[in-house]
Structures are given as C-alpha cells and as structure tokens.
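Copied over from TrEMBL, here are the features:
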SIGNAL    1-22  signal peptide
DOMAIN    23-149  domain 'Bulb-type lectin'
DOMAIN    347-428  domain 'Apple'
TRANSMEM  450-474  transmembrane segment
DOMAIN    503-610  domain 'Protein kinase'
BINDING   Lys531  ATP binding site
Amino acid sequence: MESFRVLYLYFLLICFIKPFTSQDIIAPGNLLRDGETLVSSSGFFELGFFSPGSSNGRYLGAWYKKSPSTIFWVANRDKPLNNGRRNGVLELNDQGVLLLLDSTNNNTVWSSNYSSTRNRAYNPFAQLLDSGNLVVENGYGSSNGGNLDQLLWQSFDHPCDTIMPGMKLGWDQETGLDRFVSSWKSSDNPGRGDYVVKIDRRGYPQSVQLKGSKLMVRAGSWNGFAFTGFSNHNPNPVINAEFVLNEKEVYYKFDLMNNSVFSRFIMNPSGTGQIFYWEIQTSSWQLVTTGPPDLCDNYAWCSANSICNIDNNPVCECLKGYEPKNIKEWNVSNWSSGCTRKVALSCDASDGFIKYTGIKLPDTSSSWYNTTMDLEECMRSCLQNCSCKAYSNVDIRGEGSGCLIWLDQLLDMRQFPAGGQDIYVRVSASELVSDHYRNKGRGSIAKKKLVGVAVGSAIFVMSLMLLGLILIIIKRKRQNSGKNVMDIPIFDLSVMIKATDNFSTLNKLGEGGFGLVYKGTLEDGKELAVKRLSTKSGQGLQELKNEVVLIAKLQHRNLVKLLGCCIEGEEKLLIYEYMSNKSLDNFIFDETHSNRLDWPKRWHIIHGIA
C-alpha cells in the first residue's frame, strides 16, 4: 500500500510540473539555470552559461559543441552576471520575450525584447536551431513550430564578433534593423569592442570596417561574385555567397555547400578579420584567411584620385589625367593631399575615358547606380553629368550588366596583379593618349575592327543616300527647333552647394531681377558664377529655358559664356564662366574706372561687340 501511495504522488508531480519536452527548446514556465544547457538537435551547437578566459563574470552564450571555447554569440555581452556566482536563470515569458535574470535579486540582466512587427505572440517557445541560431517562435506544440513566418525574435539578428553561415550582415530597410559584427574588447571580455564590420548603405552599398567612427578597411561593393576588395572572383566550392539589394533588405550572407563542414568569420579584438574552417582529422580550427594583408588594404592609403599598387615602389601613383596636389609631400611619400586634375573637364562629349583593368573599385558612398543599364548607356549617362568622375558595371557576371557612376573624388583604389574589375575614368580630351582610350558616346566601346567593317560595307549605300539624309536632317532640325533647348551640361545640385559653400553670402557677386549670383569653386579649382533663380522672382521653368536659349545663341568671345545649368526640385541654377575683372559696366559707369577707358579703347570695344 505504501509503495502505491508513493507512485500516486509521483504521478501527480508529473502532471503538474512542466518538463523540457526537448533539450533544444524552452517554453513558458521552463527555466534554464547556470550549469544547464540547450543542445541543437544535430548536436553541433550548445547554449548555456560560461566565463571567458580569466574573467569571473558569467555570460549567456552559444558555442560549438565540439569546441566549447569557440563562443560565437553572447546575450549579455556588455552586462555580465558579477562575482562568478552561478545565479543566472533564462526564462521565456508569455509575450515571447527571453529574460536573463539574476536569481539572487530577480533583476533582469538582459532581455530579447519583441523585435517582430508582423506577429503577435501566442504559445511562444525558444529553440536552438541546427544553424546555431536561437529563435523565439509562435506555435509551441502545433504544426506551425519551426515556421519562420511565425518568428518573433532571433539571435542571428544581433551578431557579436562572428558571422555564421546563414546569418545576414546588413539592413532590414522596413524596420531599420542594422545587423553588424563587432569585436570583443579582449579575449576575457566579450563586451562590444572598437572594431565593427557592417554594410554602408550610402550610394551603392558596400562592406566596410570601422574603428569607432573612422573607416579603416573597405571590402567594397558586390560585383556578382564577391566584394570588389577581393581579387579572386572565381566561384567558391565550399560556400555559396549572395548579396541581396531591394526595397526591403540589403544584406550579405553565405551558406555552406556541405553542412558537415564548419566555417565562421570572426573580427578579433585587434581588428583583424579571420576566416576559420573546422578540420575533422585534427578536430581543430584552421585559419585560412586573415586581413588586411598589406598597406593597400588600409582605407584610402594613397588619398584621392590615385591608385595603390603594392608591387610598385612607391606604392602610390596618380590616375592618368591627374597630378599630385602637393608635389613636395608626394616626393617624400606623404600621400595625404592626394591628386588633382591636370586639365579641367569640358563637361561635354569631347571628354573621354581611360580604361583601367584589375582594379579594386573606388569608395561607392558617393555613387549612383542602375541595375538595368548596359555599359554603353552607362558611359552616355556619365558624359551627360558634369559631376561624373568614372563609371563601371555593377555586375561582372556574363557580359556584365548595370551601371555604377562615381560623383565625387575617387578614393581607395588599388591595382591587383590578377583578377579585379574594369573601371573607366573620365579625363579631358587633351589627356587621351590614343584612340584606344577615346570614347565620344558614339558606340566606341564596340570593337574598332567591327566598326570599320560596318562602315566599309555601308559606304556605297551611304553615298547614294547622302543627299536624302542631308535633306531629312535639315527638315528635322527645323521641326525640332526650340524643343531641345536644354542641350547643355547638367550640374548636380550637391556639387553647386559645395562649390558656393552652401550659397554663402561671402561668395555673393551681385543681384539681378531674377535672383542672386554667387562665386563658386569646383574641386579642380575652376571658378564659376552661379545664378540662383529666386522663387519669388516669377521666373519659372519656361523663362529659365528661354534664357538658356538666348545665351546659347549669343555665344561670343566678348560675352559671358554659359557653362551649364542645374534643375533639381525647386532649385533652378545657371552656371556661367567667372569673370575675375567683373563686367564691362563696372568700368563704363564707375567714376574711378571710367577714366581708364579713353575714346580709342571704347571704339575698340564697340567694334569688338559688333
């Protein structure tokens, strides 16, 4: 009878106590105490409490089961449980939030928060997946378990110093979540250190490494195979890497071809990125890649408009069409001032491009891109924009596709001995050393031999049709007269704002009936006069076009030259050549200066204008 009573009480305890239904799951009402662990179903990964190195602090983290010292994620990295006492407890509440508690005072040391904007919690549970990802999902005990559509939170959205296979590095553009990797402070302290690897969304997105706010190393933009900072663009037989860029997300991710192979990227406390593979035979991690390996990987080592080549001595040289901004500094290997243009661009179709091959593309934070344009369309788009410094393909797979245009100084370029990418750097016509580099927007990217054959085979037909073509062209010009009035160089508003110091009153030259005129200076030192149309002047877009037509028709060596215009939003600007001696009226009507103009000089001026 006594044994029956004990058995009955044991049965009641089983009915009322919630046990772990699986060693990889925590449900509401369950606790994970210090000394207990979760193990993924495959047995590869483990989650529990640990103390790194000589530290007495206790942390909740995840590691490789075969390599317990290899910690790849830490929950409370900046707030350890103190004094080495094993009082930590992990629980999941009914709202789907993980709580790390100090059981001595029941204080919350860390919580996962509720990061999903799509799902509400019902029957939540936490699970350590076979990828090493700790997730909180809905549907415990139902067929929905393990469905990521029911995801409430995941540790892979909050990396520490390690990128794991399947983990995204980048942005959720709908929620603003930025997934980035940050180093440990030291081998004994997993707190957030000085170094960060992240995706920079400015311009065409790129991978960068920062120390604090300072850019240290730039892996570059994605070219379809790899980041442009890596010269090897051959397919990797071990990993499958991808880069996703759309309205919802911008991220880099890699997966392993073979799930039995372990690989990870780590940013160590000294700021060195390392890639490890697990060696089955030796049951140890093998370091396969480390960086940066040389000077040229340091961000903008040679400064602006230059290229770094580790095989040269000196390693830095200006791009063709450029020269050192400070030759004395350059001669003593001080590259900080960079390079500047020898000859200013004409900002028209006479400009051309010099092709570089095997290149790490420049910093894309001030770039513009289009994924559907081809390379010839990209070239024409560059020629039509006076701010364009260079262009290249976005994607180099196959025949190449997409258009990437640089609108500011060319920074952080390097020459690879093999691999790399092509880029076309814009220069003035006088800097084109041969017809091989010349590109005037008439399809010169095509092979010259093919062009010659096409012209030769068509010359007989063209001679017969010449008269008809001339008549058609004349007729169309008459029909289109006045329609294409804006066929002049277009300047970016950002360039004009920078040139005029945001239209500073210190740069004000004068004031007309339709707005103010400012002095502007481009990066290459060229001076401009920028007329800013006032919104209160009553002069609209049509009046602006009329002025463009009038000035364009009145081009004369004795009249101010119209260099281009800018129309963006409410801003309407006309860009003229800058007259350092001011205008003629300053001499005619000024009492002091008028004495310098005797009648022979005035007659000479009148004759020149006429």
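For all residues, glycine too, the Cβ spot is worked out from N, Cα and C.
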The residue listed as 'ATP binding site': tally of other CB atoms within 10 A of its CB: 22
Which residue counts does DSSP yield for the domain 'Bulb-type lectin' (23-149) in the helix, strand and coil classes, in that order? 5 helix, 52 strand, 70 coil
Restricting to the domain 'Bulb-type lectin' (23-149), what is the model's mean pLDDT? 88
For the domain 'Apple' (347-428), the DSSP helix/strand/coil residue counts are 9 helix, 33 strand, 40 coil
